[in-house]
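Have a look at the structure below, then the notes.
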Amino acid sequence: MNGTAILEHEFFSSIGELGYRDKSFEWIIWHAWRSMEQLAADPRAKSLPFMDNPLPTLGMMISYLLFVLWLGPLYMRDRKPMDLRRVIIFYNMFQVLLSGYMFYEHLMAGWLQGYSLTCQTVDYDDGPLSRRMFNLCYVYYLSKLSEFADTVFFVLRKKQSQITDLHVYHHSLTPMEAWILTKFIAGGNATFPNVINNFVHVLMYFYYMLSAMGPRYQKYLWWKKYMTEVQIIQFILCIAHCINALVSGCPFPRFISTLLLINASIFLVLFMNFYIQSYKRKAAIAKTNESSKVQEVTEADKLPIEETTTTTTSTPTEINNNSIESMESLLEKSDKALPPHPPAQKSLDSSETSELSSLEEPASPGCVDETIADYSLQTELPKDVIESTEGLRQRIVTLEQLQFVPEPPSGVEELAK
């Protein structure tokens, strides 16, 4: 008679002796738990924190769900996302080191010390390797509690889109699985999924760490999509391992093997769905976007030349309109104040020429249209001529030529060079 049959016999015998019809449902559940604990629990787990009964772990799981699904989003609703980049980098670094340590310990405490891949029972003796594996299972349980921080960071950074059903299901369920492992089956076949999980978590948290370190490291994350494929392979291996234990007559508890099989199958379906939705659909969307871009370029090539010409000549028109209007107003005022043909100016001696040269305005570095500024500078018109009626007229003609004539007037091309 295996452990499960003994548990059922003892449980129903004790309930019958005490008269289960006179007991409350809570009493029956509690008595069933104590009977199962006496028959199947590892006595080494009794004195460890959170291991006496499942209520502390259940309380932490419920608190996690309340914060992630309700309290956290409510608290952050009217607040800005928190900048937790450095905290996340150190947290992921810690998880990489912790997962690497547990992977190494799983190998050295059992899987490289004579564990069988086909069937391995639990060693409840308090020998060195058995104690080492038990302590490792408890560390594994604590690590699953620490992974609650993954979702807490998403909430505080207001990344609700990343809190998927798969994410919540995974993080809320694994602590209880690890608790059952430590309480009842700290070793044997039950640790096979842990070995693979630790290896996957080394890669996964290393990827998260690089992602949090900024854009400089994005080029090193080309292997992102392979992470989901590695996780899918992980669950396929776990399913195959559990099926082998069930069909080969392995003395490892069939009830535990069945639970592990169901759990791995659920995760496989969820991760397969995530893989298809995230990568296959994104590839189809990218292909559609590429086709639309090609179509837009083809339609742009068919645009008439007149439309392109209009587009390219509109900018200088807008720039020059204000200058021409202001100069025309000045011209009207100067026409009223000055005779139509001003007297010829006397020749300037060298001293007056040098004085006028010192009064010329330099080119403005903040000019809107640098072409116009360069052109007006290279004409080298004296200041008194610019301020005269003829000077204003010459400026208007120049601006009109630059604005409306497609080809530059004679002499402008040479000046521009």
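Even glycines carry a Cβ here, placed using N, Cα and C.
The compositional bias 'Low complexity' feature in TrEMBL is assigned to 306-322 (among others).
As annotated by TrEMBL, compositional bias 'Low complexity' applies to 347-361 (among others).
What TrEMBL records for 296-322 (among others) is region 'Disordered'.
Annotated region 'Disordered' per TrEMBL: 334-367 (among others), in sequence order.
What TrEMBL lists as transmembrane segment is 55-75 (among others). Residues 145, 148, 151-152, 155-156, 160, 163, 168, 171-172, 175-176, 179 of the same chain, all 6+ positions outside the transmembrane segment (55-75), place their C-beta atoms under 8 angstroms from a C-beta of that stretch.
Residues 136, 139-140, 143, 146-147, 149, 153, 194-195, 198-199, 201-202, 205-206, 208-209, 212-213 of the same chain lie 6 or more positions beyond the ends of the transmembrane segment (87-104) yet place their CB under 8 Å from a CB of it. Residues annotated as transmembrane segment in TrEMBL: 87-104 (among others).
Sequence annotations record features per position, and here TrEMBL assigns transmembrane segment to 192-210 (among others).
Sequence annotations record features per position, and here TrEMBL assigns transmembrane segment to 230-249 (among others). Counting same-chain residues at least six beyond the ends of the transmembrane segment (230-249), those with a Cβ under 8 angstroms from any Cβ of the stretch are 117-119, 189, 192-193, 196-197, 200, 203-204, 257-258, 260-261, 264-265, 267-268, 271-272, 275.
Among the features that TrEMBL reports, transmembrane segment is placed at 255-276 (among others).
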